[in-house]
Amino acid sequence: MNEFDPLFEPELSRLDAQHWLRQCRVIESACAPEIVYQGRRLILMASNDYLGLANHPAVKEAAAQAIRQYGIGAGAARLISGTQPPHHDLEVALAKWKDAEAALCFGSGYLANLGLLSSLAGPQDIILADRLCHASVIDGCRLSRARLRIFHHADVDHLERLLKRRPAVRRTLIVTDGLFSMDGDLAPLSALARLANQYEGLLVVDDAHGTGVMGAHGRGSLEACGVEADVPFHMGTLGKALGTSGAYVVGSETFVRFLVNTARTFLFTTSPPAAMAAATIAALELLQREPDRRARLWANREVLFQGLIRMGLRLTATASPILPVIIGDEALALGVAQALLERGIYAPAIRPPTVPKGSSRIRLTVTAEHTREHLDQVLHAFQDILASRSLT
Ligand SMILES: Cc1ncc(COP(=O)(O)O)c(C=O)c1O
């Protein structure tokens, strides 16, 4: 307690009264299908480590080897003296994987979205963004100071109405997540690309969750929707299916040079450690060399999805390993998360402002490393909870 606390307490009390208050929970083990929390072994159903690479021996060894060679910190921003061979090699590997001319890495997806959107747009421009875009996308739009219009989620007709009504601007951006993080559904990328073309706009896709998961080769939502050749650049993150940390933008060489020179979240921040880049190179190799991981992920997804549906639980229109069980009320969602915890399942309640009011949910995420026993235990836990309270 100190004399300044009264400045902050009212806000905390308000959040608490709404059941919106959050706090960090300390997980006492590595990110894996089974974790240790408060000394208990639990099944983790909340990570984005879709392919099980976050704790993979080859990925960890690549980081350890790079630490031995390059140390921990890069010591400066990328453009000063913070670019070491793994940074360069990762960008080459990402560009090759995506069949793009070039790639640029950022310290996180949040930073990539702020940098990308504020470089692309300014006060003389307009951005049309899907209502369910990630917070970092919305913050990037705001930072750009462009006019911002929100279209109904995945509603191409609404977007087109807004496009027709837009004022004369220098540049029009259509912005969407590829795979929506809290609903698990795919954006209508083919229709969005068509509209971008028709109205001379730029389509900006955040494929944080699609990367490594969607598409026949795991190249992401653009691959899944068959629009890789139609979208000139896009971003994705490295902290989800690739199991490491950071983000990338892929596009033409000119576009990447433009970002290197304009994206403030690239220019004015210390370079991520070379070890992280080395680990990501190893993860990217595994992703490409072991398609089986993706096959296991999708098989697991199907088992859990079908089981939840059979129970009559209300899910979003998910098309991915993100399986959100809609509860609605914040307090009830917290109660279900607690009941799951008591049954050995770690899957926190997702509440506003992360999701719209009244749509609080248990967001289950499946990974390639979950076993059939893990998934059965999750289904049993839900069955048990349903026996004592109504969730539908
Ligand atoms: C759609 C989306 N974009 C961006 C981010 C931010 O990425 P990062 O965690 O690397 O900052 C996330 C999640 O964290 C996300 O779900």
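Placed from the backbone N, Cα and C atoms, the Cβ positions cover glycine too.
TrEMBL does not curate its annotations; it predicts them automatically.
The domain 'Aminotransferase class I/classII large' feature in TrEMBL is assigned to 42-381. The average per-residue pLDDT of the prediction over the domain 'Aminotransferase class I/classII large' (42-381) is 97, rounded to a whole number.
The N6-(pyridoxal phosphate)lysine annotation in TrEMBL covers Lys240. Within its own chain, Lys240 (N6-(pyridoxal phosphate)lysine) has Asn48, Asp49, Tyr50, Ala208, His209, Thr211, Gly212, Val213 as residues 6 or more apart in sequence whose C-beta sits under 8 angstroms from its own. Look at Lys240 (N6-(pyridoxal phosphate)lysine): DSSP puts it in coil.
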